[in-house]
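As given in TrEMBL:
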| type | residues | note |
| --- | --- | --- |
| REPEAT | 7-119 | repeat 'Solcar' |
| REPEAT | 127-215 | repeat 'Solcar' |
| REPEAT | 237-327 | repeat 'Solcar' |
Amino acid sequence: MFSAPDVNNLPMCFWSGLAGCCAKTTIAPLDRVKILLQAQNPHYKHLGNTPALEHEELYHFFYTSVKRLIFFSGVLSTLRAVPKKEGFLGLYRGNGAMMVRVFPYGAIQFMTFENYKKLLSKHLGISRYIHNFMAGSMAGMTAVICTYPLDVVRARLAYQVKGEQRYHGIVHAFRTIRQKEGGMQGFYRGLTPTLIGMVPYAGLSFFTFSSLKTLGLKHFPELLGRPSADNPDVLVLKSHVNLLCGGLAGAMGQTISYPLDVARRRMQLGAVLPDSDKCVSLTKTLKFVYQKYGVKKGLYRGLSLNYIRCVPSQAVAFTTHEFLKQVLYLN
């Protein structure tokens, strides 16, 4: 089904993985806050709650502005509260497991994306835009399946609060989950919503970026493009345009798939949550979150924060990918 990996791609996989680790470490504090908000951690969920305001119709603009300010002040309050309660390194709780996961995730996603794209181009006579969407989705799903246990461990470590640790490091978390949660089954809690969410997230991200790149270079080649460093006959996007397109691609994928990301986190946390018995399947988790917290405060809780942490990360990821293609003479 797949051809053997091209050895010329291996350096790109290595540097892409390293770049991913650097990017994730930079936004690790926001990642930790996102998990605490998504899972309604009892130690921090009171920060940033919106109070009831009267005469909403008359003061709609004021009301909306206040809610946004309260949300972001809640994020800032949480960022301040975590170091006070758990020390500065508390902002990076679970980041070690994330680093172990990000490196192989990036390599697997890149290599399988190229293979899936070649496979689809060969066997399916459809638009290359569709190829990019399908290959991106399939590559994302493949990478998720291979690295999912590390994502579960990372979520467990990031959710727990100092003084109430159930797990004492990556190895201990692996051992405890395997012994107490049914072996390998415990490491794949929440896999279903992750795979379902990966289709719109990874698929739309690759599709949006590829579409913006193609349309931009076709209609505005002089404004948005420049000759590639490795092949002057090939036009590539300018760096700042790459960043913009990558950011828009990440935002598009995140918006569509975010409720599934919330369900995934709650299912991953499993026994750590007090209401874990209500989060045993995708449909039950989504129903529970919607009925208890609603859409804004439940299914889309933390989305604005996710834009802050994910959009720059995706922008850097796509820009790095395009840059390395030139460095390694792959255009």
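Backbone N, Cα and C atoms are what each Cβ position is placed from, and that goes for glycine too.
In the repeat 'Solcar' (127-215), the DSSP tally of helix, strand and coil residues is 74 helix, 0 strand, 15 coil. Secondary structure counts, DSSP: the repeat 'Solcar' (237-327) has 79 helix, 1 strand, 11 coil.
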